[in-house]
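Quick look at what TrEMBL annotates:
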| type | residues | note |
| --- | --- | --- |
| ACT_SITE | C278 | active site, nucleophile |
| BINDING | 10-15, D35, R40, 91-95, 132-133, E166, 278-281, R348 | NAD(+) binding site |
| BINDING | 162-166, 222-226, R262, 269-275, 340-341, R444 | substrate binding site |
| DOMAIN | 334-449 | domain 'UDP-glucose/GDP-mannose dehydrogenase C-terminal' |
Amino acid sequence: MKIKNICCIGAGYVGGPTMAVIAQKCPEIDITVVDINEKRIAAWNDENVDNIPIYEPGLSEIVEEARDRNLFFSTDIDAAIDKADMIFISVNTPTKTYGIGKGMAADLKYIELCARQIARVAKDDKIVVEKSTLPVRTAQALKDILDNTGNGVNYQILSNPEFLAEGTAVDDLMDPDRVLIGGDIDTSEGEEAVQALVDIYAHWVPEDRILTTNVWSSELSKLTANAFLAQRVSSINAMSELCEKTGADVNEVSIAVGMDSRIGSKFLKSSVGFGGSCFQKDILNLVYIAKSFGLNEVADYWEQVIIMNDHQKKRFASNIVKTLYNTVSGKKIAFLGWAFKKDTNDTRESAAIYVADYLLNEQAEIVIYDPKVRAEQIYADLDYLNTRTEEENRKQVKVVNSAYEACEEAHAVALLTEWDEFKELDWKKIYESMLKPAFLFDGRRLLERKTKEKIGFEFYAIGS
Ligand code: UDX
Ligand code: ADP
């Protein structure tokens, strides 16, 4: 089976970059990325590729090359479904905010809407690929809807979880550790569908890195991978607190531990806490699934990763209050960084949001600078918490266009995202513009202690 037309529903962080790379590598396949969000599609089609809605190093160049050749962005979802042999579902699956499983289970509302739309429109056989992270056995739900509401056409459901990390999405897509494809490999139709997707990736990924499994293993592997990664961060963060008490330095500990080839050196960087759209959501989802099978010990084990992460964010914030003589009321705190990590404009679940919320409850005034995050996003993140009114958020929080402006006359600076440019700042100039004693809290272990102390800062860093 040769795929000629692909439709991708959802033009977000996953759908956009993934389809751009497939389009670049497979010029013979026409790809249409569709979304209900007209503004987002218009941005993907913006003449100036610098205005595409997702910032990822290397992405705009690929979009420029493939767009309007074999990569299209559209709001005409029905037409794209109708034309496609293969449909990727890359819509959002947030944690449920209502009803059963509130705060834990994944909300599959958007996935179900997609399935119903595909069933209504499709007039010939389709391969449907789950790209969004989903709870185990979602494929069955998808198949039920497609088979029961469709026009009698055949569907093959594949699971093809994405493992791309934001900020390195293009590299991760170009040179993946592995591509995982789950399908109904016990039937010849299922095998054929799996092979069709293998053939697409085989345009640029060595075949020994393309792994095929049954659907359930594929779905669960995605949750497992994210749970393991998050667990490493929570493990080193747990040690960071112990380091602060004992005189050990968490960076030294992580180097020493990471040199053990059985442990490995990656993902052992202590921080103010992990963020991002995946880790918390996927672990909560895993906890929910385990509980629903009565596996309470399994559920508790993984929940601890989240509890530790929440503790780390709170600990960082409360340390600021404690250090500033137990009150930050009316004091100006400069935030350097708001994104959940460097090289992305994504702020979902960013630790900065929760640190800010804590300090705002203590009546601090916060002035924020992030090189890629816009003011409206920052206010939206704070408003979403519903801790105080929108008016209060705008009164207590200011967003500015430079690090120097943020730090001027501040009582303290909190570094929340590890943007490279923060290393290169003129820290002496910042020190001189601040109120004294000038406190500097490094939540990312980005800055060198010695030089900052020499300038005169009261310097605090996670895990030392
Ligand atoms: C993650 C997974 O890495 C990716 O495979 C999956 O598909 C989606 O979720 P992402 O959320 O983009 O990707 O970012 P990632 O680089 O994994 O970082 C997540 C969070 O952990 C960030 O807030 C980061 O700052 C933090 N982190 C990461 C640490 O604090 N220390 C580390 O050592 C690594
Ligand atoms: P992710 O990180 O998983 O890619 P995003 O929120 O960045 O998540 O992107 C998901 C996209 O899916 C959003 O742009 C949203 O508008 C889109 N979307 C959600 N439901 C539908 C739907 N039923 N049809 C088309 N697009 C949808």
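Cβ coordinates are placed from backbone N, Cα and C, and glycine is handled just like the others.
TrEMBL: automatically predicted annotations, no manual curation.
The model shown is predicted, which means the values in this text are computed figures rather than measured ones.
Recorded features from TrEMBL, shown on the structure.
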{"residue": "Y13", "record": "NAD(+) binding site", "Cβ within 10 Å": "23"}
{"residue": "N92", "record": "NAD(+) binding site", "Cβ within 10 Å": "18"}
{"residue": "E162", "record": "substrate binding site", "Cβ within 10 Å": "23"}
{"residue": "A165", "record": "substrate binding site", "Cβ within 10 Å": "15"}
{"residue": "E166", "record": "NAD(+) binding site", "Cβ within 10 Å": "24"}
{"residue": "L223", "record": "substrate binding site", "Cβ within 10 Å": "23"}
{"residue": "N226", "record": "substrate binding site", "Cβ within 10 Å": "22"}
{"residue": "S270", "record": "substrate binding site", "Cβ within 10 Å": "27"}
{"residue": "Q280", "record": "NAD(+) binding site", "Cβ within 10 Å": "21"}
{"residue": "F340", "record": "substrate binding site", "Cβ within 10 Å": "25"}
Least buried by Cβ count (within 10 Å) of the binding-site residues G10, G273: G10
Cα proximity to D35 (NAD(+) binding site), best match among recorded positions N226, C278, F340: C278
Mean per-residue pLDDT computed across the domain 'UDP-glucose/GDP-mannose dehydrogenase C-terminal' (334-449): 97
Contacting recorded positions, sequence order - G10, Y13, N92, L223, C278 vs ligand 2, Cβ under 6 Å: G10, Y13, N92
Summary of DSSP states over the domain 'UDP-glucose/GDP-mannose dehydrogenase C-terminal' (334-449), given as helix, strand and coil counts: 45 helix, 19 strand, 52 coil
Spatial neighbours of C278 (active site, nucleophile) that are distant in sequence (at least 6 apart) but have CB under 8 A: T133, N226
Sequence-ordered binding-site residues from D35, A165, S270 with Cβ under 6 Å of an atom of ligand 1: A165
G273 (substrate binding site) to Q280 (NAD(+) binding site) - Cα separation in whole Å: 11
Neighbouring C-beta atoms (10 Å sphere around the C-beta of T95 (NAD(+) binding site)): 18
Three-state secondary structure, Q280 (NAD(+) binding site) (per DSSP): helix
N92 (NAD(+) binding site) versus A165 (substrate binding site) - Cα distance in angstrom: 16
CB contacts for D35 (NAD(+) binding site) [other CB atoms within 10 A, all chains]: 23
